[in-house]
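> Before anything else, here's the structure in question.
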Amino acid sequence: MSHDASPRPMAFARSGPLSGVVRVPGDKSISHRSLMLSALAVGESRIEGLLEGEDVLATAAAMRAMGATIERGADGAWTVSGVGVGGLLQPETTLDMGNSGTSTRLLMGLVASHSITATFIGDASLSRRPMNRVIEPLSLMGADVTVSPGGRLPLMLRGLCPAVPIIYRLPVASAQVKSAVLLAGLNTPGITRVIEPVPTRDHSERMLKGFGADLTVEVENGERHIRIRGEAELKPQHIVVPGDPSSAAFPLVAALIVPGSAVTVENVGVNPTRAGLYEVLRMMGAEIAFSNPREVGGEPVADITACFSTLSGIDVPPELAPSMIDEFPILFVAAAFAQGRTVMRGLEELRVKESDRIATMAEGLRAIGARVEELPDGLIVEGTGGEPLAGGTTVASRLDHRIAMSFAVAGLNSLAPVEIDDMGPVATSFPNFTNLIEQLSVPQS
Ligand code: S3P
C-alpha cells in the first residue's frame, strides 16, 4: 500500500487527437461505502464494479481486520459477509490507511460507536492531514482519541458502546465528516442528526437508505438535516458501482485541450453532488454531452462525450466547489488552455487534500509555462488561448494521484514532454490511467 518507497517517473508528450469510447474504474467514494456497509449487513452482499485501487483495498483490509469476510470472485465481483451493526471485532493489528483520507475518517466513525480500540496509521501525505474535524464530533459521541500533534495520524481511537447521539452542524463542507458521524450514528441508540449548511456528496445517505437504515433528509431554512436512527439491521445488497466522475474528468479534459479529439466515457456517475466540473466546463464553452441517462443502484449514471473545444476563462462560482472539490487540479489545467483569465476562489479545502493542491498545482503549472497567480483560497490562471504550453521539465506529484494525472494531461498539449516525478500515487484511484490514455492516443482506423 505504500507507494512512497520507489518513485515511478513518467513523461507525457504532445499527442495527436485522442479518440475512442472507454470506461473508467468504479467510483472511489461509493466503493469505500459499499465495503463498509456490506461489512455491517447481516448476510452476503455482492459488489460489481468495485474500484480495485489502493485506497479501497485499504478499506477492505481494515473491514477484514474487524471481522468481515471479503473476497474477489473469478468474475471480478466482490462478495462481503457482514458482521451486523454493532458486530465489529477488535482489530489485532494497526489499520494501515495508506494514502486514504476517506478510509481513515469514515472508519473512525464506525469504530467510535463500537467497544473496540483501533490505531490508524498512514503514509507521509495522510499523516499531514487534519483529523480534528472528525475527532471533535466523535468525541462528543463518547469516543476517546489519542492523536499525534496537530491532530494528525498516527492516532488511537477507543470507541464507546452505547455511544451518545448528537446533533452536529458541520463547520466545514465535508462529506467525510458527515459520513463519519452518520456511520457512528448507525450503532448509537436514538437519533443522530447532522446539519449540513452546504450540501456535499450524498452517497452515504443514498446507500444507507438502500441497505435499509432508517434515515431521513429534510431541508430546513436552506440547510440539510440528516437524521439516522441507530441500532438498525442492514440487509445485504447487490451493488453496482458506477464509473468515477472524478476519474472520467482526466480523459474528458484531455479531449477538450488536444486539437481534433473526441472521447466518450461510458457509465459515469453523474450524481449532482459530484458533477460540478461538467457544469463549469460548459460555462467555459466546452462541448460536453451527456447521453443514455439512467439510474444504477440508486445513483444517476450517463455516458459523457467531450470534443476539442475553444475554452474561455470565467469566474468559477464558489458555491459549485463542493460538487467538484476533487476536480480543481484538472480544471486548473483546462483553464491554462482557455482564452483569458479563469478565477477560482473559495477553495481553502484544497490545501488539506492529499497535497496542498493550490500550491502544488501553482508550482507545477508555472514550471511548464502557464501563467498563474496563487491566492490564499484559490488560483487565477491566464490561459494560452489553446496554444500548447512549453513543458520540458519535471513536476512534483507530492504523493497526490490527482496532481500526477493533471500534469500528465497537460503534457498531452505541451511542446516538450512533461515528466511527472512519481506516477505511483495514481494506483490509489485510477490504476489503468496510463494505459487508457495510450489507448485513446492510437489513431482510430
Ligand atoms: C470524499 C469526500 C471529499 C473528497 C474525497 C472523497 C468522500 O472529501 O475530497 O476525495 O468519499 O466522502 P471532503 O469531504 O473532506 O471534502
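Quick reminder: no glycine exception, Cβ is built from N, Cα and C everywhere.
Straight out of TrEMBL:
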type	residues	note
DOMAIN	15-435	domain 'Enolpyruvate transferase'
BINDING	Lys28, Gly101, Arg129, Gln176, Arg357, Arg402	phosphoenolpyruvate binding site
BINDING	Lys28, Ser29, Arg33, Ser174, Gln176, Asp326, Lys353	3-phosphoshikimate binding site
ACT_SITE	Asp326	active site, proton acceptor
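Give me the structural setting of these features: burial, nearby parts and distances.
Listed in sequence order, Ser246, Asp326, Pro329, Ile330, Lys353, Glu354, Arg357, Ser429 are the same-chain residues six or more apart from Arg402 (phosphoenolpyruvate binding site) with CB atoms under 8 A from its CB.
The number of other Cβ atoms within 10 Å of the Cβ belonging to Lys28 (phosphoenolpyruvate binding site), over all protein chains shown, comes to 24.
Its Cβ taken as reference, Asp326 (3-phosphoshikimate binding site) is surrounded by 23 other Cβ atoms within 10 Å in the chains shown. According to DSSP, Asp326 (3-phosphoshikimate binding site) is assigned to a helical segment.
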> List those of the binding-site residues Ser29, Gln176, Asp326, Arg402 whose Cβ lies under 6 Å from any atom of ligand 1, in sequence order, or write none if there are none.
Ser29, Gln176, Asp326
> At the level of the C-alpha atoms, what whole-angstrom distance separates Gln176 (phosphoenolpyruvate binding site) and Arg33 (3-phosphoshikimate binding site)?
11
> Which of the binding-site residues Ser29, Arg33, Ser174 has its Cα closest in space to the Cα of Arg129 (phosphoenolpyruvate binding site)?
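So, of the listed binding-site residues, the one sitting closest to Arg129 (phosphoenolpyruvate binding site) is Ser174.
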> What is the interatomic distance between the Cα atoms of Ser29 (3-phosphoshikimate binding site) and Gly101 (phosphoenolpyruvate binding site), given in whole Å?
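So the alpha carbons of Ser29 (3-phosphoshikimate binding site) and Gly101 (phosphoenolpyruvate binding site) sit roughly 11 Å from each other.
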> Quick one: Cα separation, Arg33 (3-phosphoshikimate binding site) versus Gly101 (phosphoenolpyruvate binding site), in Å?
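With distance taken Cα to Cα, Gly101 (phosphoenolpyruvate binding site) is 13 Å from Arg33 (3-phosphoshikimate binding site).
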> Using a Cβ-Cβ cut-off under 8 angstroms and a sequence gap of six or more, which residues of the chain neighbour Ser174 (3-phosphoshikimate binding site)?
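Residues satisfying the criterion: Arg133, Thr200, Glu349.
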